[in-house]
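The block underneath contains the structure these notes are about, expressed in structure tokens.
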Amino acid sequence: MILALQEPITAATISTSTAGALLECLAWAVFVGLGIALAVIDARTRRLPNRLVALLTAVGALFFTSAAIVEQNLPALWRALAGLAISFGVYLVISLAARGGLGAGDVKLAAPVGLYLGWLGWEALAAGIVLAFVIGGVAGLALAARKRRIRGLTVPFGPFMLAAVVVTAGLVASSTNEISI
């Protein structure tokens with residue numbers, strides 16, 4: 001009798017694991033698609049459309065919530081939501097302190113950035129936030145050197161925030177040998 005139950009239980013476990021991984025992959029596919037659109041728009045217009053940022057946040061939250069339920073991994077969901085709040089808070093404080101150094105769109109984009117990084121883990125959250133400033137700083141210095149001025153120079157920061165998430169996700173995936181992201 002017990003052996004008769006073993007196969008369906010194993011199949012259900014594999015199906016649940018596969019469903020959770022699929023939901024995570026869908027979240028990351030949306031991130032890449034909307035991330036590219038947001039990066040291009042920000043680079044061209046210095047604007048991050050609220051609707052796209054909100055869509056990225058909502059879809060990520062939906063897929064990660066579904067994955068957490070299917071995988072019975074609510075701590076990952078709470079960490080992702082905390083990541084959203086922490087990232088938003090960090091960018092808000094920096095924006096207020098820098099007085100125009102970061103735009104409101106960058107602060108709003110910090111929410112989905114934190115959500116996705118938080119899903120990956122606390123270390124990924126911290127690394128991704130820092131990495132955005134490193135990448136953006138290097139690019140800003142290169143642009144300043146090319147234009148031979150710093151004063152009045154504006155650099156869209158959204159593309160660097162999004163790139164930092166992708167790089168961090170790649171590093172996490174390569175270090176854990178997971179292919180679900």
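Cβ atoms here come from the backbone N, Cα and C positions, even for glycine.
Database features, via TrEMBL:
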TRANSMEM  20-40  transmembrane segment
DOMAIN    30-140  domain 'Prepilin type IV endopeptidase peptidase'
TRANSMEM  52-70  transmembrane segment
TRANSMEM  76-94  transmembrane segment
TRANSMEM  125-145  transmembrane segment
TRANSMEM  157-176  transmembrane segment
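Looking at the domain 'Prepilin type IV endopeptidase peptidase' (30-140) alone, the prediction's average pLDDT is 96. Per-class residue totals from DSSP over the domain 'Prepilin type IV endopeptidase peptidase' (30-140), listed helix then strand then coil: 99 helix, 0 strand, 12 coil.
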